[in-house]
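The annotation transmembrane segment is assigned in TrEMBL to A:63-83, A:104-122, A:142-162, A:174-199, A:219-242, A:263-282, A:331-356, A:377-399, A:405-427, A:448-466, A:472-490. Under the heading region 'Disordered', TrEMBL lists A:653-681.
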Protein chains: 2
Amino acid sequence: MGVGDVSKRILLGRKLRSAQLGETLLPKRIALPVFASDALSSVAYAPDEVFIMLGIAGASAYAWSWKIGLAVALVMFTVVASYRQTVHAYPSGGGDYEVATVNLGRTAGVTVASALLVDYVLTVAVSISNAAQYAASAIPDLIGHEVLVATIAVVLLTAMNLRGVRESGSFFAVPTYLFMVAILGMCAYGFVLMLNGSLPDAESAELHIRPEEGWEGPLNQIALVFLLARAFSSGCAALTGVEAISNGVPAFKRPKSKNAATTLLLLGLIAVSMMMSIIVLANQMAIRFVDPHKLEQLRTAGGDAVAEDYQQHPVISQIANGVFQDFSPGFYFVITVTGIILVLAANTAFNGFPVLGSILARDGFAPRALGSRGDRLAYSNGIVFLAVMAIVLIILFDAQTTKLIQLYIVGVFVSFNLSQLGMIRHWSRHLATEKDPGERRRMQRARAINTFGLGLTSVVLVIVLITKFLAGAWITILAMGFFFLLMQAIKKHYDRVSEELAADETDKALPTRVHAIVLVSKLHKPTLRALAFAKATRPNALEGVYVSVDDKETAKLLEEWDDRNTGIPLKVLHSPYREIIRPIVEYATAIRQANPRGVVAVYIPEYVVGRWWEQLLHNQTALRLKGRLLFTPGVMVTSVPYQLRSSELAVEREEREEHRVRPGDLRRGRVEDERDRQITR
Amino acid sequence: MGVGDVSKRILLGRKLRSAQLGETLLPKRIALPVFASDALSSVAYAPDEVFIMLGIAGASAYAWSWKIGLAVALVMFTVVASYRQTVHAYPSGGGDYEVATVNLGRTAGVTVASALLVDYVLTVAVSISNAAQYAASAIPDLIGHEVLVATIAVVLLTAMNLRGVRESGSFFAVPTYLFMVAILGMCAYGFVLMLNGSLPDAESAELHIRPEEGWEGPLNQIALVFLLARAFSSGCAALTGVEAISNGVPAFKRPKSKNAATTLLLLGLIAVSMMMSIIVLANQMAIRFVDPHKLEQLRTAGGDAVAEDYQQHPVISQIANGVFQDFSPGFYFVITVTGIILVLAANTAFNGFPVLGSILARDGFAPRALGSRGDRLAYSNGIVFLAVMAIVLIILFDAQTTKLIQLYIVGVFVSFNLSQLGMIRHWSRHLATEKDPGERRRMQRARAINTFGLGLTSVVLVIVLITKFLAGAWITILAMGFFFLLMQAIKKHYDRVSEELAADETDKALPTRVHAIVLVSKLHKPTLRALAFAKATRPNALEGVYVSVDDKETAKLLEEWDDRNTGIPLKVLHSPYREIIRPIVEYATAIRQANPRGVVAVYIPEYVVGRWWEQLLHNQTALRLKGRLLFTPGVMVTSVPYQLRSSELAVEREEREEHRVRPGDLRRGRVEDERDRQITR
């Protein structure tokens with residue numbers, strides 16, 4: 001088998017290398033794009049939402065937009081400042097979940113975890129829906145098919161993540177830096193034009209916005225506050241994803257915390273400058289942007305409604321179209337990188353999900369299997385779950401970013417709040433014991449920052465809850481509640497089991513004797529091997545056991561058995577109805593009952609095959625038998641494998657599987673050395 | 001746990017009883033209905049098909065119908081006579097498959113098996129489609145929804161068979177005898193009316209049948225022969241199901257073969273008298289019956305086509321409607337029992353399928369798991385497969401019996417032919433050694449009967465192939481070919497494996513030493529039990545192995561380990577990436593490599609839980625680890641179970657499962673004693 005040999009050598013070559021899997025820590029310039037794509041991508045939709053909300057009262061309300069922008073920027077810097085404290089205090093990368101659990105207890109931790117779970121689903125739904133809108137603004141043929149485009153994109157992302165895509169620094173760095181260049185470059189060019197006085201109007205500049213009913217004319221105080229509150233809470237969508245860095249501290253180069261904090265500050269600065277630039281330019285270019293479901297608000301100069309087929313493009317798209325009027329490659333470049341960064345943001349959810357899952361598994365809030373990296377099945381289930389939920393949302397909400405945003409922000413601010421509260425507790429606890437005045441001052445400052453942060457984010461959370469509850473936030477809260485209860489139930493189960501299993505002093509008794517039985521179906525190599533292995537363990541009693549369903553076959557086997565002269569007696573159990581399992585279970589039970597302090601060791605010869613359909617043809621009875629014997633007290637079940645030739649295929653497949661990259665590896669600092677791969681391939 | 005105790009006692013009570021599961025052999029009066037429903041139900045559609053075929057040349061051709069009926073009766077008696085020889089020669093109940101395999105070899109046997117498999121699917125499709133038509137003739141609201149009705153019926157039958165329905169003699173006896181009473185009673189009453197001269201005309205008597213194009217006017221010899229051949233081959237649908245008794249000889253009371261042969265004769269007599277009575281009455285009542293897809297052939301007295309919404313009812317339905325003109329309960333009784341007998345006929349396929357599957361599994365042509373009665377999963381898969389295929393056919397052929405019949409008869413006659421040929425070989429072989437002249441005469445007579453049978457059935461097969469190939473028989477032949485190849489491939493695989501596994505003289509070497517490792521995740525009862533069990537086997541080396549993913553937890557465990565003072569060393573494997581499986585597999589491999597003649601015994605403590613969702617929360621890693629270790633040469637894997645309280649639920653469930661009746665139990669003579677059930681319940 002030449003091919004077999006070669007594949008074996010390749011295999012073994014790779015197997016040796018596997019020990020060299022190493023940690024690659026990220027410098028700031030790579031860490032920024034790895035962790036920032038989610039947060040930065042928000043500028044693709046946050047300004048649009050501000051304009052939509054203000055537009056309810058007509059285009060005149062747009063005058064408030066930059067003030068709203070400043071308010072969002074204030075929240076952004078506050079949150080950034082708060083998380084800079086977190087990364088110093090919790091360099092282990094547990095993020096909000098760890099902060100809440102350690103300082104506020106299990107309930108708060110699980111609340112944060114359920115908020116994060118819901119958030120991951122929404123990140124996928126919002127980012128991909130938004131990306132579909134950008135795609136449609138560049139390729140008019142896609143207009144009206146956004147749901148389909150978004151669904152296909154989620155399916156592709158899912159496939160990619162199931163397959164295992166090698167994430168590398170450059171995988172994130174190139175598109176993220178291109179996005180920064182595109183947006184900031186576009187804005188800079190726009191400002192130059194503005195100073196020149198040659199900034200063109202946007203495509204929608206000639207339109208008017210008819211205020212919604214009840215919002216016409218000068219607004220009273222309460223209405224105005226409510227309007228601004230709604231616009232502000234929508235604008236806070238820009239904050240989603242900021243917390244990502246606090247989960248990724250271990251992946252940073254040393255000094256980890258310091259580098260993470262610096263990166264966080266950079267991220268805040270870039271995000272805010274992008275958002276403010278876009279808002280200012282949009283105002284200067286007199287963009288008119290309304291809820292895509294209420295296009296009838298838009299009126300032509302004559303006061304008529306716009307044409308039925310009027311296409312409203314996203315704000316960035318309109319700006320790019322205006323600024324790059326005579327240079328369409330510029331327009332396409334901006335749209336393309338915006339779309340890519342949104343897809344990348346969605347991908348971070350696919351990465352974050354298994355990481356969170358493994359942390360929750362470690363603490364007993366999720367199935368333990370999620371905790372070990374190797375369990376691809378668990379990973380796959382999580383990824384498919386995430387994708388299915390996101391697709392459901394996309395279809396349900398018609399791939400409309402505006403509608404999905406209503407669900408998005410609650411979860412984010414729930415974890416912001418609990419995290420800040422946790423940090424305040426953290427500093428207070430440390431202050432209680434800390435004596436060094438310098439250190440105390442640092443802690444007091446940090447606590448002040450977190451207190452201010454909590455104040456601000458709690459106000460935002462209240463605003464978000466008031467303005468968005470009926471618009472969709474209730475769905476988020478319901479989903480969070482579901483995950484919360486599920487995780488508590490899992491934890492409770494594990495605790496109960498753990499209590500039942502706790503060792504006490506009565507467990508020291510040693511079984512007095514071992515009665516071994518070897519299951520015989522035929523007298524072939526696997527059976528002989530099982531007999532040999534069983535004999536090697538030198539049990540107190542050893543016998544072969546054969547279930548007879550056919551007299552002729554039984555006679556033949558008995559003859560062969562005698563010929564072999566193994567020195568081991570063969571017990572024949574008769575089963576007129578061709579039942580295999582029951583007679584064996586009953587026999588094992590009988591042996592055990594005769595000697596309650598002994599152990600029955602059942603040896604099952606198994607063929608090991610490599611192809612899935614071979615599995616269907618073999619070992620099904622052995623599998624069921626093992627399942628049944630496990631329920632029989634005092635019995636232990638030993639599988640004695642006999643590897644058939646085809647089993648090599650499976651070993652090979654398994655090796656490939658182990659080497660496969662799993663989502664989230666990069667942000668846990670787990671990267672295979674690139675050169676190493678080259679050599680072994 | 002009061003409830004637990006009670007349920008345990010009930011459980012143990014039942015467990016003891018399980019040894020008393022006994023054989024209940026069927027007396028002739030019960031065996032007839034059990035095995036006859038399929039064959040008798042054919043009279044619900046076979047006469048209709050004869051009339052349809054003859055009607056192609058106009059109603060005048062109906063004059064041939066009773067001659068066709070006689071020809072079919074001749075074939076019926078010939079086949080019955082042939083199978084009477086079979087039940088004497090092969091009382092083991094292997095039926096056609098056994099006869100063909102033993103006498104003609106493996107290829108013929110597999111051919112018969114694939115014909116039977118296809119037949120089972122068609123039995124379900126034809127019987128249920130026909131039942132739907134009877135239902136529609138009694139309940140006009142169902143007209144036009146026959147496909148839906150048939151599909152729902154198949155789904156219900158499937159659910160019933162998956163759930164496991166207790167078949168009993170009366171389950172079959174009541175409807176089958178009612179059917180005989182209904183049909184023969186109706187015919188008898190019809191004949192009385194006929195002799196009285198008061199037999200009314202059928203509802204369709206006033207219509208004319210316009211011959212199809214090319215069939216008008218006096219037919220030439222060839223056309224006439226072709227017409228009669230088609231009608232005859234359709235009429236042969238009456239023979240489907242006759243062979244069932246030959247598969248069920250072991251379920252008969254002694255003398256088994258004699259009783260089976262008598263029942264077979266009875267079955268033939270009843271079927272023929274029903275069929276002939278129906279044909280004669282239909283002629284006397286001037287029934288007009290055409291292909292339901294060519295209703296335009298029917299003309300009113302004025303020569304116009306019948307109304308678009310004309311409803312053509314099945315022949316039995318029209319006769320019943322006429323005969324019981326003034327007594328509608330009589331009509332509904334006939335239709336209802338006909339419908340029931342058709343459903344019962346479909347149910348026999350659900351019963352026959354697993355029986356055939358287990359025989360094929362025994363011989364290595366089907367997955368071995370099908371061979372043991374206990375494997376519900378295998379049963380379920382077979383039943384679902386059968387149902388899905390039948391539903392596909394029903395939908396594809398619009399639940400039209402006429403169309404499905406074209407596919408049906410080929411398979412039946414393929415097995416008739418091979419079975420007859422096998423019987424001839426059988427007698428010839430026995431004649432070669434038999435000396436006793438009386439016995440020789442008996443054998444020669446039997447051989448003559450089978451030879452005549454082969455002659456006749458081969459002519460029928462040729463006629464069927466010629467007249468039905470393009471009309472649908474090609475689909476059957478294709479499907480048979482598929483099953484044939486699949487079974488051969490499975491056999492080949494098993495043969496190859498068996499060759500690879502065959503014991504030779506080199507397998508006598510005994511491993512020199514056993515190195516036992518016990519996997520430790522925590523120091524709880526399951527681990528302590530695994531350590532105790534492993535120690536009881538007195539291996540040459542014994543150690544605990546712990547995979548460390550967290551330094552703090554590791555330190556804690558090491559401390560507990562020391563406190564326990566088990567006397568067993570603990571090996572700690574470090575795994576920075578939270579991988580559990582790979583370090584263990586590599587460690588086991590390393591031990592084995594250091595001592596190639598030794599065995600590594602890996603002890604895995606397992607919790608045994610009772611609920612499916614608990615399974616998801618536990619043992620997933622153990623399961624994967626076992627899967628991986630099986631591929632590692634020189635390793636045996638021992639599961640040491642620790643039964644948690646909830647595991648009792650699973651034991652209970654399993655017990656219930658074992659007591660559940662499986663499709664086909666009755667006809668394999670496996671029936672639980674009724675009184676016994678009463679007591680233990």
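Start at 1 and count along the chain as shown; that gives each residue its number.
Each residue, glycine too, has its Cβ placed from N, Cα and C.
Outside the transmembrane segment (A:448-466), and at least 6 residues removed from its termini, the chain residues within Cβ reach (under 8 Å) are 74-75, 78-79, 81-82, 85, 229, 232-233, 236, 409-410, 413-414, 416-417, 420-421, 423-424, 427, 473.
Sequence-distant contacts of the transmembrane segment (A:104-122), counting only residues of its own chain at least 6 positions beyond either end whose CB sits under 8 Å from a CB of the stretch, comprise 96-98, 240, 349, 352-353, 356, 360, 363, 365, 386, 389-390, 393, 404, 407-408, 410-412, 414-415, 418-419, 421-422, 425, 476, 479-484, 487-488, 491.
When Cβ distances are compared across the two stretches, the transmembrane segment (A:377-399) makes no contact with the transmembrane segment (A:219-242), since fewer than 3 pairs at least 6 residues apart fall below 8 angstroms.
Same-chain residues lying 6 or more positions outside the transmembrane segment (A:174-199) and placing a CB less than 8 Å from one of its CB atoms are 32-33, 36-37, 40-41, 43, 270, 273-274, 277-278, 281, 284-285, 316, 319-320, 322-324, 330, 333-334, 337-338, 340-341, 344. Cβ atoms under 8 Å from those of the transmembrane segment (A:472-490) belong to residues 110-111, 113-115, 117-118, 121-122, 360, 364-367, 403-404, 406-411, 414, 464-465 of the same chain, restricted to positions at least 6 beyond its ends. Counting residues 6+ beyond its ends, the transmembrane segment (A:63-83) has Cβ neighbours under 8 Å at 46-47, 50-51, 54, 228, 231-232, 235-236, 238-239, 242-243, 245-246, 264-265, 267-268, 271-272, 275-276, 279-280, 282-283, 416, 419-420, 423, 449-450, 452-453, 456-457, 460 in the same chain. Between the transmembrane segment (A:142-162) and the transmembrane segment (A:263-282), fewer than three CB pairs separated by 6 or more residues in sequence fall under 8 Å, so the two stretches do not touch.
Cβ atoms under 8 Å from those of the transmembrane segment (A:331-356) belong to residues 37-38, 40-42, 44, 97, 113, 116-117, 119-121, 123-124, 127-128, 130-131, 134-135, 137-138, 153-154, 157-158, 160-161, 167, 172, 175-176, 178-179, 182-183, 186, 241, 244, 247, 316-317, 320-321, 324, 370, 379, 382-383, 386, 390, 662-664, 666-668 of the same chain, restricted to positions at least 6 beyond its ends.
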